[in-house]
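Note sheet for the following structure.
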Amino acid sequence: MPTIQQLIRSERSKVQKKTKSPALKQCPQRRGVCTRVYTTTPKKPNSALRKVARVRLTSGFEVTAYIPGIGHNLQEHSVVLIRGGRVKDLPGVRYHIVRGTLDATGVKDRKQGRSKYGTKREKAKK
């Protein structure tokens, strides 16, 4: 604990909060252009081919973003919307692509949790 004299000499410094998604620059989402679309493998206990894209954002950052859902139509020069949210078993992937906006189509044949994958409601069959 500091003495009164030490506090007079220099006041207590505020603790700076470090953001988990700096490329968004305090915005909820950011637009960007895909520079590379590829698959990568997850960390040790898991095994898969995860779909990711390298995206150049309007904020000037180039980030790696995860493409959620089964199947996608993204390729180089696709314009996408990025939101925050990391993928735990992919190191360095701290952003998600928003499905159903701009060039990223929604997931086909999705029945549950549709809002997270940009899928419209199916018409009721008679």
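Each residue, glycine too, has its Cβ placed from N, Cα and C.
Among the features that Swiss-Prot reports, compositional bias 'Basic residues' is placed at 113-126.
Summarising the annotation, Swiss-Prot assigns 3-methylthioaspartic acid to Asp89. Cβ environment of Asp89 (3-methylthioaspartic acid): Pro42, Lys43, Asn46, Arg50 lie under 8 Å away, each six or more residues apart in the same chain.
Summarising the annotation, Swiss-Prot assigns region 'Disordered' to 1-28 (among others).
Taken from Swiss-Prot, the feature region 'Disordered' applies to 104-126 (among others).
Away from its own ends, the compositional bias 'Basic residues' (113-126) comes close to residues 68-69, 98-101, 104-107 of its chain (Cβ-Cβ under 8 Å, at least six residues beyond either end).
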